Amino acid sequence: MSEIANTIFSPETAARFDHLVTIYPLKRSALVPMLLYAQDEIGYISDAVIAEIAQRIDLLELDVRNVLSYYSMLRTKPAGKYNVQVCTNISCMLRGGYEILDHCKHKLGIGHKGTTPDGVFSLEEVECIGACCWAPAIQINYDFHDDLTTEKVDVLFQMYRDGLSPNTTGKDVK
Amino acid sequence: MPSLVSHPDEVKVVSRRFGMGATDIDKYVELDGYKAVQQAIAKGPEWIITEMKASGLRGRGGAGFPTGMKWSFVPKQSEKPKYVLVNGDESEPGTCKDHVLFLHDPHAVIEGTMIAGLAIGSKLGFIYLRGEYRYLLKIVERAVADAYAKGFLGKNIFGTGVDFDIITQTGAGAYEVGEESALMESLEGKRGVPRIKPPFPAVVGLYGGPTVINNAETIANAPHILLMGGEAYAKLGSERNGGTRLFGISGHVERPGVYELPMGYNLKRAIYEVAGGIKDGKKLKAVVPGGSSCPVMTADEIDVGLDFDQMGKAGTMLGSGGIVVLDESVSIVEFALRTIAFYQHESCGWCIPCREGTDWIKKTLTRVYNGGGNKKDVDNVQYLAENMLGRTFCPLGDAAAMPTIAFVKKFRKEFEDYVEGHKAGTPIITVEQLVGAH
Amino acid sequence: MADVTLTVDGKKITAPAGTLLLEACKSAGIEIPAFCYYPGLSLQAACRMCVVRIEKMPKLQTACTTPVTEGMVVTSESPEIAQARKATLQLLLGNHPLDCPVCDAGGECELQDMTFKYGAADSFYAEPKNHREEQKWSPVVYFDRPRCILCYRCVRMCGEGMDVFALGIQNRGSSSVIAPNVPAQMSPDDLAHVDCEQCGMCIDACPVGALTSGTYRYKTRPWEMNHVSTICTHCGDGCKTTLGVRSTTDGSEIVRGDNRDKSGINVDFLCNKGRYAFDFANNEDRITQPLVRQPNGEMEPVSWEVALDHVGKRFRELRDTRGGKSIGVIGSNRTTNEEAYLLQKFARTVLGTNNIDHHRTADYVAFARALAGTTDRTASLNDTLTAPAIMILGGDPTIQAPATAWNIRTNVRNNRARLYIANSAEIKLRRQAKAFAHIAPFSYGALASFLAGDDSAVDALTHSGADASSFHDFRKAIRAEESLLVLLGSEFRGADLQRLLAFGKTLPNRKFALISDYVNSRGAADMGLLPDLLPGYTPLAGNTTFAEYNTPTAPGLDLLEMFEAAGSGELSALYVVGSNPISRYGVDPASLKDTFVVVQDMFLTETAALADVILPAANLYEKSGSVTNSYGDLQLVNKAGDRAGVRTDFELIVRIADKMDANMKALVPFGKGTRADMGQSRGAQSGEADRHAVWLSANNMEPKLSPFDPFAILDEIQRLVPGYNLLRLQLLSGNAQHLQPAVNANDLVQIGNRRDLVLPANDTLFTSGTLGRYSAMLSDLQHNESLRPPTGLTQIQTAAD
């Protein structure tokens, strides 16, 4: 049974999930996308999310936990409204990725996987995000920001803080 | 938005429509889009596979397996449905070519998927993008929807009576899922742990059905090959390495970017001419030629043609086409540590040598880096890597071992000097920065 | 498949094509090490210990995933291979706590053995090891993460083997961890737990000490125990359990139960009861002195001599004054065949009564009668592992007969056996079933008729959840099976059972088994603990087999009739051996007020509480003999534990008979004219005597010097009981042998309207009749179970094909 009576998701997301389980040869294929979309809406993968997704896909909750703990983008604790993901992998490192990370830490006053007290920003050091030729690069939620300098980071943070998400790479989905 | 670059030496095949607004389906059609697939429908699978074989196209993900041959391995008769799976889980550090491809020419990937489907007798294709590429997924989803709206996908495509569907899929952060069998596991809603081979995906793949899995760039080449003819495509490249390839040049160069160069193009020239040479006039120290898993080349080793065979002969690999350039300021100890830290983070943990090996190399190099190492540690790192090589469940172990061995062997003196000189030295970056993260 | 020939280490070996190289080598005596490989479970190739060199292959290959092919040339040991294995071990040991001196697995650890073999003694690492606290996942399952080598055997055992899926793999890379299904944050005590069947198979499969059992943890070392293989007392499957025994001041204590050598009828399997529920033997409430009720009503401890004298005198007196017919005897489902046989012989030839019965948990009388005169119609437990098609009607093997359920799951998984289930409940095994017929409650009689061809019976089966066509389809499918193993639950009794079997035996290649509840429920019936039938279901009247008994030919009182007789003052004495009818049948205790009651038991049960004499008895783990499981598979019981102050039921029956001045040579045909010792080899040394007897038997010598020797009675069973023409060597070797009741069809007299006295035990996975109440571990598990509402175990739907 994929349609859930008391869903914890918005009607749009619930409808999307109702559809998602129908498109694959096996509905379990919907699991990874569903977890990611659920996180986009709820902010993290809560126990309630696990329970509902398990029910939608006819899986044990343990199965869902096994899978979600494998993928590094999925988290079981809330993050900030804007999750700043700084790439420090080789190409970014060569072009100042660690300076950007240090700057973010200093500017936001938080460390890796930390969240600012106001809940606006969280910070994460991440592995290669596929922006090597435009390094150093970060992602804020799903938005890429590349060819960065510490000054550009300051501007970005201010814009996010002001609610003007600088839509460089398409609509922010969060 | 990633900026586009260009250079006169480029031969634009797969990047032909970059920057031309081809995400728009009408524009794509105007630029010869969806012609190849219609020819493919008309001429049939034999013809497609013959052209693909003639093109000499080899897998652009990094393994370089001949694409036409891969398609021909799929059994003609199968009780279970057959599938095409496009690997857009681009995660190899130094690699961002598929990023540009999805951004500028998503329809080429769709059309290529359809051609692969026609070649093997499949009616359903999947395009899997890494989770971080959400904005690209939206572009691809839009393109797929447009293709359905035009009747290019779905039932009775182009009015020919042929059916073909495409499902787009997102990952959620896992390098290992780029391995083809782990990719299938992930697509089936499981942990991205590879499968035992044999059976190979061409026989038992997704949902147990025969499956062709190709890198996005490989697939996007298919329509071009059919339009220009396999032989013409082959001629663009070098011997046994047909066509052109997207090379992402990053690191310490003046003009980093994704360039399409003929197979066999000289690496030194790519760095000094195409990418504008070493940044700020510094000296070249080393090159990681095809993504982080390729053994490093020293500055005097790079006068070599960029194709699978020549790079193999040079003791390294062509890999994913991500050329990472290191200038004289780079500490190889730091670079080696950052590389192994990545593999340690991304090891799926399934098999002992990779799970424990990457972890111990990282721990040892971390100590070395922070000034607590000695010469024995350098030996240990090499011993650990050599005992990982060829012994792991999937290629990730090799991908971690090969560069490690190369760093230690080719820059042994630097390692030894480092442990001598950094007994109480100040690290360039802190441990917390490097490893506390993971 | 055809055989192929390959060369391993220069030696030519043959194996069927497709056999895994590791298995082919094992069959040829070449051991290839492996942590993750476990026969019958899915392949992993994760530990990389089984790497071998195969000619023409570029890299070392894993023997656990490589099928043998013709002409393959393999090297299984070489410096290169040894180095690969050593390197793997070095990596594992880098983070291993090396707490072998206190680890339960020490001495039985595959990591230890491999390290010993490949010598990975040097360590390269200066970094501290990752320490994690031990976790208590349940009263019986403890997890010590640093010891875990991530072979995933436990995960597969739980999921594939048990179909429970309580263990998973979480995180990735070096953070990977085995995780139980109740995470800490979902648990009232903020600790992770496992919600499962508590079978302990994960512990069994663990090659190291990462998973340890709550009963055995930190108790002793493997080499300090004697390991005695015997048969579990708890259910009708009769699994072999190996009991680890250690000497104490008052006997020898059982410290561990496990499936050590996997040589039993249960092969790989052992459930929680077989593994942990031996602890009743060590319960402090055990009675260890004979008790006799004094004129003031109090029970007082007395010497054995006084107690037995009292019982013998009273029995003789009551028999002589009020007649044998005034005495009742109730036997046990947990005593050996020899004891059951001796008890009914004692009742019939010494007490002179047919008033003998036991708590019947399945109708073996109807079963034997319906199949009388047939051959090859009864199934062995082994057949459930190999039959291409199995049908289960009624019952719930998962709970009632876990080894049966294990075998069936294994058979479905590895051999693609087709499983058909008809049940009024949605039993767990339906997940493996090709077809599940969900019948209406209480419609087993109709099911028997319908399967036997009566279409009109289908109406009684249907309900809102299942229409008539589903039952027709089901019947069609099973009829189409060329051969079929039919397992029957105790719901099928009397006329229903006979009707079903009468029809079933007209079809070719149908074999049957009737599932009952305790270790020797079948043996109790086979041995004639019945008021109307002699051993082997031989009628009382007109038989020649038991002519020497000189038994009254009129049927005696059944169990309930005995209590009715007691209530009306007609039962002068009641002799209860290892049974608790007062509780089981809800008998009014007052009904026994005028009856002389003798109870042999371990504990002060509801029945024992009413006794005039209580004789402290040994349990099944403290004696030797044989038992017969639900299927009719005969197995050897070996004495493992010992407790000062208790006696086997066998010895007690003999000694009471002796006190009644019975003809001992007639009762127990021991020795050749020698009157052997009466006591000096008892007590803590009796195991020696029994072992000595086994040794003598095995050497074709005359062992029966003692009237307490069960083998003296086994001889008589073999001689007289139809169907028990057993192979002595087979039995003594610890192997099971399948027996079929072979009562002569001509001998059969139909006894009309037998009373249905079948009362299934209705045990759960964590209960075991009265005995189970004295197992601290079972009590803990019941309590543990009560803490959590049932979770998802039943929600997965798995297709079997």
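Cβ atoms here come from the backbone N, Cα and C positions, even for glycine.
Residues or ranges marked as domain '2Fe-2S ferredoxin-type' in TrEMBL: C:2-80.
Each residue in the domain '4Fe-4S His(Cys)3-ligated-type' (C:80-119) has a pLDDT score, and their mean in this model is 95. If you look up TrEMBL, you'll see C:80-119 marked as domain '4Fe-4S His(Cys)3-ligated-type'.
TrEMBL lists C:139-168 (among others) with the feature domain '4Fe-4S ferredoxin-type'. Residue counts of the domain '4Fe-4S ferredoxin-type' (C:139-168) by helix, strand and coil are 12 helix, 5 strand, 13 coil (DSSP-based).
According to TrEMBL, the feature domain '4Fe-4S ferredoxin-type' maps to C:186-216 (among others). For the domain '4Fe-4S ferredoxin-type' (C:186-216), the list of distant contacts is 35, 38, 103-106, 109-111, 135-145, 147-149, 151, 153-154, 156-158, 161-162, 164, 166-167, 178-180, 244, 255-259, 268-272, 275-276, 279, 398, 402, 765-766, 777, 780-781, 784, 787-788, 790-791, 793: same-chain residues at least six beyond its ends, Cβ to Cβ under 8 Å.
Residues annotated as domain '4Fe-4S Mo/W bis-MGD-type' in TrEMBL: C:225-285. For the domain '4Fe-4S Mo/W bis-MGD-type' (C:225-285), the number of residues in each DSSP class (helix H, G, I; strand E, B; coil) is 9 helix, 23 strand, 29 coil.
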Which residues of the chain, 6 or more past the ends of the domain '4Fe-4S His(Cys)3-ligated-type' (C:80-119), have a CB below 8 A from one of its CBs?
33, 35, 47-49, 51-53, 60, 125, 129-131, 144, 146-147, 149, 206-209, 212-213, 216-218, 221-223
Using DSSP, tally how many residues of the domain '4Fe-4S His(Cys)3-ligated-type' (C:80-119) sit in helix, strand and coil.
28 helix, 0 strand, 12 coil
Per-state residue totals over the domain '4Fe-4S ferredoxin-type' (C:186-216) - DSSP helix, strand, coil:
6 helix, 4 strand, 21 coil
